[in-house]
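Student: A single structure is presented below for examination.
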Amino acid sequence: MSVLNSSEIEITTFFLIGIPGLEYAHAWISIPICLMYLVAILGNCTILFVIRTEPSLHAPMYYFLSMLAISDLGLSLSSLPTMLRIFVFNATGISPNACFAQEFFIHGFTDMESSVLLIMSFDRFLAIRNPLRYSSILTSARVAKMGLVFLIKSMLLVLPFPFTLKRLAYCQKSLLSHSYCLHQDVMKLACSDNTVNFFYGFFVALCMMSDSMFIAVSYIFILKTVMGIGSHKERLKALNTCVSHICAVLIFYVPIIALASMHRFGKHKSPMAMILIADIFLLVPPLMNPIVYCVKTRQIREKVLGKLGLK
């Protein structure tokens, strides 16, 4: 710690938290957590490998799925170091700079996943609304440009986070409320004015929520298009192509909306509930997305089983 003035001491180490009251069981809790990380990383790497090596999967839908897998890998690898240190080695300390870097990558990949889910909803609408022109509209070059634009947008959007946090003074509180660093969590530890952080964080949250609203609008148009299809069988077939994406949207947005609501409006929030929801937010989407797409997408399932020799 370094002295700011005669009455304030600057905090040089933040402390993350595991599961309160269950510190004695952290070693056992680390087993399912490590397994979840392992399955998530292997699952998303498998998706990327299969799409990369199978020419029949070189189509817009699967390119977007690759982007989703990359986002999930980024989320997993961003939180993995602190989660393992806490639950395996019971080491809760983290330097401010490392904390700022972690929250940048977590928020960056979170926004990237939100953006990918948005363009995947547009992809589904286009495939159902205009299937004959689908491939000519979403060419490989256009898909690559869209992915690059959204990647740059996501990173630039959260780039101010570490710099605005670094300018704050931390002199009283040092205990964070999660197993990893989040912008809204870190800024509450500051003993200096964090108004800029609050409003910019709120702006970033609104940008992400706008993605969810545009996804909802896309599905309104998808339902309108599907209802115009004469054959009941064809309507079900069209809707079935959206099931995997709907599951991915719910898996991603339900925990993040719950966590954001508890941070902003929860006056008597349960620390245990917040920690569990925060861990679900980072652990479950990267774990479940490859499983959902393998189960619900026949082409992916067949190619994965073929690679494993189980076809």
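Glycine too: its Cβ is placed from the backbone N, Cα and C atoms.
Residues annotated as transmembrane segment in TrEMBL: 25-50, 62-84, 104-122, 143-163, 198-222, 242-260, 272-295. Residues annotated as domain 'G-protein coupled receptors family 1 profile' in TrEMBL: 43-293.
I'd like to know what surrounds each of these features in this structure.
Tutor: Long-range contacts of the transmembrane segment (62-84) within its own chain (CB-CB distance under 8 A, at least 6 residues past either end) are made by residues 16, 30, 33-34, 37, 40-41, 44-45, 47-48, 51-52, 94, 102, 105-106, 108-110, 112-113, 116-117, 119-120, 123, 140, 143-144, 147, 150, 179-181, 248, 279, 282, 285-286, 289-290, 293, 299-300.
Sequence-distant neighbours of the transmembrane segment (104-122) (same chain, 6+ residues past either end, Cβ-Cβ under 8 Å): 61, 64-65, 67-68, 71-72, 74-75, 78-79, 146-147, 150-151, 153-155, 157-159, 161-162, 180-183, 204, 207-208, 211-212, 214-215, 218-219, 222, 245, 248-249, 252, 256, 282, 285.
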Student: With Cβ distances under 8 Å as the criterion, find the stretch in 25-50, 198-222, 242-260 that has the most pairs with the transmembrane segment (143-163).
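Tutor: Per the Cβ under 8 Å count, 198-222.
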